[in-house]
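A.B. asks: Below, the features straight out of TrEMBL:
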type: COMPBIAS; residues: 944-957; note: compositional bias 'Low complexity'
type: COMPBIAS; residues: 969-990; note: compositional bias 'Polar residues'
type: DOMAIN; residues: 30-142; note: domain 'Cadherin'
type: DOMAIN; residues: 143-254; note: domain 'Cadherin'
type: DOMAIN; residues: 255-361; note: domain 'Cadherin'
type: DOMAIN; residues: 378-480; note: domain 'Cadherin'
type: DOMAIN; residues: 481-586; note: domain 'Cadherin'
type: DOMAIN; residues: 587-689; note: domain 'Cadherin'
type: DOMAIN; residues: 708-809; note: domain 'Cadherin'
type: SIGNAL; residues: 1-29; note: signal peptide
type: TRANSMEM; residues: 826-847; note: transmembrane segment
Amino acid sequence: MRFQSSGVMVLRWDATLVLAAMLLVCCAADPTDILYRMLEEQPPNTLIGSLASDEGLPDSGHLYKLEVGTPYLRVDGKTGDIYTTEVPIDRETLRDCRNLLEGDKCFLEFEVSITDLKQGQGPRLIEGRIEVQDVNDNTPQFTSPILMLSIPENTHIGALFSIPMASDKDSGHNGVAEYSLSAGPDADQLFSLQVAEDTDEKQPQLIVMGNLDREQKDSYDLNIRVVDGGTPPRASSALLRVTVTDQNDNAPKFERSHYEAELAENSPVGHSVLQVKANDADMGTNGEIDYSLHQASDAVQRLLRIDRSTGIIYVKGLVDREEESFLKFFVVAKDRGPNSKSSKVLVTINVKDQNDNAPAIEIRGIGLVTHHDGVANISEDMPIGTAVALVQVSDRDEGENAVVTCVVAGDVPFQLRPASESANDRKRKYFLQTTTLLDYERIKDYRIEIVAVDSGNPALSSTNSLKVQVTDMNDNAPVFSPNLFEVDFAEENQPGDKVLDVVATDADSGSNAELTYSIIMDSATKGLFEIDPKTGEVHVRNTLDREHREQYEFHVAAADKGSPSLRGTATVVVKVLDRNDNDPKFMLSGYSFSVLENMPPLSPVGMVTVIDADKGENAMVRLSVEPDNGKFVIQNGTGTILSSISFDREKESTYTFRLRAVDAGDPPRSSYVGVTINVLDENDNSPYVTKPSNSSYKYLPPLTTPETRVEVVEAEDIDTGPNAELVFSITGGNPYGLFHISPNNGEITLAQEFTRKHNGLHRLVVKVSDKGKPPRHTTALVHIFVNETMGNITLIESLVGHSLYTPLDRDIAGDPNYALAQRSNILYGSLAGIAGVILVIVVVVVIRHRMQKDTKSGYQAGKKESKDLYAPKAGPKNGKGKKSKKGKVPKPTKPLEEDEEASLQKGLNFNLINDSVNDSPRIHLPLNYPPGSPDLGRHYRSNSPLPSIQLQPQSPSASKKHQAVQDLPATNTFVGTGDNNSTGSDQYSDYSYKANPPKYSNKQGR
């Protein structure tokens, strides 16, 4: 069910009126004020008004500038049209419109300066206001979504009960327009609604239309709806819960219908403002009253509080009239009965002003004169009366406290002139203008101090200042001092490094003195340098290399920003300083020198060249040898390498080392190069024979045919080249011309057939010569035994041993007398050996016999042991002896220089005499070979496995065959062996020639 109060006028606007309200109407409040009207919440760039057309000014030749009105407004500089901006104009949030009373208008003030650009006159200030009209953009709202209302039972029909009102931020017809009530079937006949209209509000009241019985039903839920008068209308609803209570006959009643009071701003907290008082005719708790604030704004709740019992209103927070000039609210008085009744009263508190605000002085630019950080710039050629600033003086107080007097302090050529004809004591505007011509050369700037004093008691004052800088005409070109910049700059820089600062000065000021630096490009620099156009810092764009270029010269320019622009130039010379950024460099990547061996120490072996691209100490290079083993030194001045030793190519043919070049930079830099010294050969080594040994022999039967290969003499020479090319020749022992030797490879062949007289031992003296200059040679002995059989090898070896003692100038070539003499010696030696053996056996037997007789217990030697001890072991069935182990042949030492063959024989005799008895005979060549060469002496010794050679009597087991090789017997008697490729012989003493030759079979193994 829907109720609407009677007598309520619903205002409806015709569409034509709405359109007319949106039109912008201009009307003059006074000769200089302009008033525009507009609806709030208009979109951006909505035209509000046109100052050019409204003021009758042309739309060209004038400059319009908005001085006051941002951020809600903007002005077209040419036409003076005023538009809205992106910031919406919301009537409910504008600072000056938040606490308006019902029916008050909302205004947005603006100021625009107009400057005539053609005639050069000073600016003109136009003040105006915009009436911001309300649109229905807010929905009316109840204080709570659930409203509580208590009604006593048995209330008479027609009784009225006030319902909490709804509020709407909009005003006028957009505010609250009507209320309606709807109820369920159970409450449809019990309640109704009427709206009581007051001067500025509509009060909804609930009418009791039937009898209420609490015992039958104690509460009813109704729906109350509020609608504003906007187009389209906005509405909201709340739940109205009616509670039926016990009887409470009387409601509290205030003593006044409206309470008013004055409150001085800045009153202390706890100060009592006024007391509201209500009376209740009931008794007991029904007559006890509680007071509370009702429909109080945020400001009221922040600033005031009410005593619940006494109704006294106290100051709760700091009251500032400039923020809240009045406070309007309701106080509700409610009894404490079970069915409480209440009433409310309107309270208005006016905040009384105190002179607590000093005047505010605002200085801002006007027209073409702009301010930046409190500084205004004006050209010296401006006429008298030129406005340099707009000064606005205001006081937030009111009355006499807001009446302000403003003056310019000090002796300066400026004065204040009223900028508006409107009489507004709280806000006055002045032009700050010149009174004389300004002279930049005399005074460049002024500090203007403006003083404002209000009329309060005591009076308050404030000051503000403005710095006016006088700018001159652009009549001075920038000047560099000096006009030649010389700077030292190290090479190997990083790109972007700073080189220097060039600074120019300009006697002008402002933009005429703002300089822009640049480099006058030329082909010499090719963009290598850059300059900061603002600071004049010169930077290098690439890395400089002194070794590439030591000096750069270019020009810089400084241009001011005047009109026309003037320019000055200067010269910059950059001298590139050296850094130690280059390693010393050898001319070659490696050096190889060849020198002759046996050069004396400190002889030059080569020269190196090293350069350093740096300069000064960075280019001073010192050379050294690494590793420094004392063999080489280098002269730092010439780079000559000297040897500290005498070279021996056979010991070391190549020397390698490094040269280190270090400069004197900090830190020093170095480089290395490899050096190879190749030692050239000199013929300082004689050849040496490696095969056959002097004590070996070769067996040939008499029937050997000519051209048969007999032996090969192998020799080496540790020299190189022609010094190591060998020539072989037979120089002795070949009286019959039986043998021939190849001069190239040392191969000995049989030249002719043997005859009977040739039987026996032949000793060939072979000379091995190199092809050096002068040539060096050595001599070798080749023994050849010619016989039908090799019946007694021991005899042959004794002959060879005796040959070693025979001078080389005597030919041993199968001489039979020589052989017979040797047999006699061998026979005598054999007999002496047998006698010695028998003597040893006798001595051993006697000693053993005494030991057995004196010892009761111990080891008893058996017969077999005695037999095994003294009896020789049987040899191999084939009659061939065991080959002795061959030791490693070391490299012989270097031979001494012996030009005569007799020297070899002399050396042989010497070595035989000094050898021990157990050593086999050998030839010791007096050679000194380099390290690592084969030691032929050791080789010869290693090829003689038996310590001595003696003739062994014929044993029964060897009656027909000669024992060629035996194991080591206990009797220390040994048999020498030999074959066609004999590798060695034993040393013979004089006793060895006493052996009995017939004891040896003629069928000895070959």
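Placed from the backbone N, Cα and C atoms, the Cβ positions cover glycine too.
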A.B. asks: Could you tell me the mean pLDDT the prediction assigns to the domain 'Cadherin' (481-586)?
C.D. replies: 90
A.B. asks: Count up the helix, strand and coil residues in the domain 'Cadherin' (481-586) according to DSSP, in that order.
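C.D. replies: Once the DSSP states are binned, the domain 'Cadherin' (481-586) shows 3 helix, 49 strand, 54 coil.
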A.B. asks: Take the C-beta pairs under 8 A between the domain 'Cadherin' (30-142) and each of 255-361, 378-480, 481-586, 587-689, 708-809. Which stretch has the highest count?
C.D. replies: 378-480
A.B. asks: In the domain 'Cadherin' (708-809), how many residues does DSSP call helix, how many strand, and how many coil?
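C.D. replies: Counting residues by DSSP class gives 18 helix, 42 strand, 42 coil.
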A.B. asks: Counting each residue once, how many in the domain 'Cadherin' (587-689) are helix, strand and coil under DSSP?
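C.D. replies: Its residues fall into 4 helix, 49 strand, 50 coil.
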A.B. asks: Pairs of Cβ atoms less than 8 Å apart decide it: which stretch in 378-480, 481-586, 587-689 has the most with the domain 'Cadherin' (255-361)?
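C.D. replies: Counting Cβ pairs under 8 Å, the winner is 378-480.
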A.B. asks: Work out, from DSSP, the number of helix, strand and coil residues along the domain 'Cadherin' (30-142).
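C.D. replies: Summed by class, the stretch gives 8 helix, 46 strand, 59 coil.
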A.B. asks: Which listed range (378-480, 481-586, 587-689) shows the maximal number of Cβ pairs under 8 Å with respect to the domain 'Cadherin' (708-809)?
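C.D. replies: That would be 587-689.
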A.B. asks: Would you mind splitting the domain 'Cadherin' (255-361) into helix, strand and coil residue counts from DSSP?
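C.D. replies: Result for the domain 'Cadherin' (255-361), in helix, strand, coil order: 10 helix, 49 strand, 48 coil.
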